[in-house]
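Novice: I have a structure I would like to understand better, so I am pasting it below and will then ask my questions one at a time.
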Amino acid sequence: MADKTHSISAEDREKLIKVAFEAKEGTYSPYSKFAVGAALLALDGHIIKGANIENASYGGTICAERTAIVKAVSEGVRRFKALAVVTNVPSSISPCGMCRQVLREFCSNDMDIFLVPGDYPRPLKENERPEQGYIEGGARKTNLAELLPDSFGPEHLELPRA
Ligand SMILES: O=c1ccn([C@H]2C[C@H](O)[C@@H](CO)O2)c(=O)[nH]1
Ligand SMILES: [Zn+2]
């Protein structure tokens, strides 16, 4: 389960999840019909929204998480406290590998990441156990240490070359 030391408050979490649902309205997903919204809480308290933007080439699709990160960083915001990701499906969906690596560039290993089902808030299902990070309402709390262990990051490029 995610380390609790850097957790945001329940109030901040609920706000972030609400904004992630709003962000999902920005989806352009005519091909998959799989709408995703992301909300990134910046260190200064403001929230950046992202949605998945698909492409007729399919491969040109950009996920909601990367939309949010790229919007923030391109506006000079590089430090974050939490991320919430929501979909239209009734279980929590986990970021793709490419988004995990992009998040790794700017987010700490223990930053809160909330994976939120489309029918949030609802009671936990039988397979959604608190020891796996599931919290009240059916969201799953996790972080990059769990989602991308043993990751490659900017500090490795600082190492002396043999
Ligand atoms: O964590 C995820 C998983 C999928 N998608 C998008 C990409 C694509 O538009 C659609 C189906 O993969 O969902 C995201 O935005 N974030
Ligand atoms: Zn992704």
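Every residue gets a Cβ built from N, Cα and C, even glycine.
Pasting the relevant annotations from TrEMBL:
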- 11-155: domain 'CMP/dCMP-type deaminase' (DOMAIN)
- N52, I53, E54, N55, A56, S57, Y58: substrate binding site (BINDING)
- C63, C96, C99: Zn(2+) binding site (BINDING)
- E65: active site, proton donor (ACT_SITE)
Novice: Taking each of C63, E65, C96, C99 in turn, which of these recorded positions have a Cα lying within 10 angstroms of the Cα of E54 (substrate binding site)?
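Specialist: Final answer, ordered: C63.
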Novice: Between C63 (Zn(2+) binding site) and I53 (substrate binding site), what is the CA-CA distance rounded to a whole number of Å?
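Specialist: Per the Cα atoms, C63 (Zn(2+) binding site) and I53 (substrate binding site) stand 6 Å apart.
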Novice: From I53, N55, A56, S57, Y58, which binding-site residues have a C-beta atom under 6 Å away from some atom of ligand 1?
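Specialist: With ligand 1 as the reference and 6 Å as the Cβ limit, the list is empty: none.
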Novice: Within a 10 Å radius around the Cβ, which one of these binding-site residues has the most neighbouring Cβ atoms: N52, N55, S57?
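Specialist: Result for the most crowded candidate: N52.
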Novice: Which secondary structure state does DSSP assign to N52 (substrate binding site), in the simple three-class scheme?
Specialist: coil
Novice: Just to verify a number: CA distance, N55 (substrate binding site) to E65 (active site, proton donor), in angstrom, no decimals.
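Specialist: E65 (active site, proton donor) has its Cα 16 Å from the Cα of N55 (substrate binding site).
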Novice: Around ligand 2, within a Cβ distance of under 6 Å, which of the binding-site residues S57, C63, C96, C99 show up?
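Specialist: So the answer is C63, C96, C99.
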Novice: Hey, of N52, I53, A56, S57, Y58, which of those binding-site residues are within 10 Å of C99 (Zn(2+) binding site), Cα to Cα?
Specialist: none
Novice: Go ahead and report the DSSP secondary structure tallies for the domain 'CMP/dCMP-type deaminase' (11-155): helix first, then strand, then coil.
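Specialist: Going through the domain 'CMP/dCMP-type deaminase' (11-155) residue by residue, I get 44 helix, 32 strand, 69 coil.
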Novice: Just to verify a number: CA distance, S57 (substrate binding site) to E65 (active site, proton donor), in angstrom, no decimals.
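Specialist: If we compare the Cα positions of S57 (substrate binding site) and E65 (active site, proton donor), the gap is 20 Å.
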